[in-house]
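Worksheet for the structure shown next.
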C-alpha cells in the first residue's frame, strides 16, 4: 500500500484529474468563498482578543490558537486550491510533486493544530465548569497554558505529513489508503470521544446544577458559548442545546472524512463525489470555528460592536 507521503506527492488533494471544467470551477468558487469568509472571521477574532483586555483570558488563548491554525488553512491553502481549480488538468503546477507536497504540508499543519485546539478548548471549559476554582487556577497557569499551546503545534508539525493520507487515492487503479491513514482516522475518533465527553459533561452540569456553576465567579465564564449560570429552566435547556450544537458541528465537519478513509482502508474507495464532499466539510470547519466559539459570548459581541461602526 502506498504511504501518505506518496499520495500527497502523486495526486492532488481535492482536485480530481477526471473532473469536468464545470466541476472544477464550482470547487474553486467554494474554496474562494471559504477562504474569504474564513480569513475575515479568524482574523477578526484574533484582532479582538489582542485589542480588548477583557478578552485576554486563558480560555480565549486556546481559541486564538485555533484561529491562527484555521487562518493558515483559509488564507494560505484555500486560495491556492481556488486558483489551481481554474487551471487545465495538464498544468505544470498541478503535476509538480514539490508544490503538491508543500500544499499537503500546509493543509496538514493547519488542520492538525486546529483539531488539537478544539480538544484544548473543550478540556479547558470542562475543568472550568466541573472542577473547583482552585483546581482550574493550578492547572491553567500562564506557563502551563503556553506549554499546552506549544505542544499542540509540536504535534501538528509531527503529523502534518500524514494528514493528507486520510484521503483515499483519487485516480483509477490506485490502492486504498495505508496504515498512516488508519492511525490518523482512529486518532480523530479518539479525540472526538474526548470532546464529546467534555461537552456532554458540561451540558449535564449546566442543566442539573445552575447553582454549582454560579459560585464560580470567574470572568472567564463569559467566554463560554452559552450562559454559565442561566436563571430559568428554559435558558438552561437552551444552554445545553448550544453545547450539543457545537458538538454536532464538529462531528459534521470531521466524521465524514474519517469514515470515508476507514471505508477505503477496509473495503473499497468511496465515490469521488463523497470524497470531495467529506474534504469540503472538514475545510469548512476552519471557516466556521470562530463563529462556533464566539457567537454566544457577550464579551465578544461588545468588542465587535465597539470595533465596527
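Backbone N, Cα and C atoms are what each Cβ position is placed from, and that goes for glycine too.
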### Residues flagged as transmembrane segment in TrEMBL, choosing from 204-226, 273-295
273-295
### Task
Six or more residues out from either end of the transmembrane segment (25-50), which same-chain residues have a Cβ under 8 Å from its Cβ atoms?
14-15, 19, 56, 60, 63-64, 67-68, 70-71, 73-75, 78-79, 81-86, 276, 280, 283-284, 286-291, 293-294, 300, 303-304, 307
### Message
Does the transmembrane segment (62-80) come close to the transmembrane segment (241-267), meaning at least 3 CB pairs under 8 Å for residues 6 or more apart?
### Response
no
### Query
Going along the chain, which residues at least six beyond the ends of the transmembrane segment (273-295) come within the CB cut-off of under 8 Å?
13-14, 16, 27, 30-31, 34-35, 37-38, 41-42, 44-45, 63, 66-67, 69-70, 73-74, 78, 110-111, 114, 118, 121, 167-168, 170, 225, 246, 249-250, 252-254, 256-257, 260
